[in-house]
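Here is what TrEMBL says about this protein:
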type	residues	note
COMPBIAS	241-266	compositional bias 'Polar residues'
COMPBIAS	276-285	compositional bias 'Polar residues'
DOMAIN	15-222	domain 'MARVEL'
REGION	241-285	region 'Disordered'
TRANSMEM	21-42	transmembrane segment
TRANSMEM	101-123	transmembrane segment
TRANSMEM	135-156	transmembrane segment
TRANSMEM	200-218	transmembrane segment
Amino acid sequence: MDPVSQLASAGTFRALKEPLAFLRALELLFAIFAFATCGGYSGGLRLSVDCVNKTESNLSIDIAFAYPFRLHQVTFEVPTCEGKERQKLALIGDSSSSAEFFVTVAVFAFLYSLAATVVYIFFQNKYRENNRGPLIDFIVTVVFSFLWLVGSSAWAKGLSDVKVATDPKEVLLLMSACKQPANKCMAVHSPVMSSLNTSVVFGFLNFILWAGNIWFVFKETGWHSSGQRYLSDPMEKHSSSYNQGGYNQDSYGSSSGYNQQASLGPSSDEFGQQPAGPTSFTNQI
């Protein structure tokens, strides 16, 4: 048997049917989508400047930008419609910090989800033999839930700034030639932001997955089991005391009933006897 088959036979793939491992596998997949749609993005826009003097016009001004969205470093040249002179401009803004933080969280979340899934499948017994593994898993899950929330929120704000900075109408306002009514400036092609919008959606989906997985990881820790024992012990004591009280009450009821029957016996016999008064009166007559 080859090593791959031996490794597969040793693993307990039934663990993927449990919520703990299944959610980890989803987190792994969604983390890939998150950093791929953001980190692999490249787009651009195209503008045209039609000067009064047609020889000075430029009807195809391409402006390309990509991850990590340091837009202030994206430069381009446009005509001034005043001879052969060219104006060098740059886009406004820098969203690299939020984008890089988002991608970093996604990459590390992917690596941890991959490692945790392997542990769940192939080393499940060692994972559950003491409380150290589940405790570390619980802490890391809480931390990544918080990081996904912060990273997704920051990147959503960064993406909004990127959309404003790369809006063709905003870029046209930077050109001096477009401030002259005689020249015609227009947007030929706008940037496509669908993949970046998808990255934000995957970011918040990852937050939901990691936050929802906190409960299932917490159930593996000793905190949950100790809490269960603490709740079960008072219930057992209450049940035993209740049964003991019921037994005493029954025994007391049966003894009292027995004593009552014994006390009623002689009185019923006394009522069954003939009265002595009239008999003695008849004998006197």
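Quick reminder: no glycine exception, Cβ is built from N, Cα and C everywhere.
What you see is a predicted model, and the numbers here were worked out from it, not measured in a lab.
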### Message
I'm a bit unsure how to read this: which one of 21-42, 135-156, 200-218 has the highest number of Cβ pairs shorter than 8 Å with the transmembrane segment (101-123)?
### Response
21-42
### Message
Return the average pLDDT for the domain 'MARVEL' (15-222) as a whole number.
### Response
92
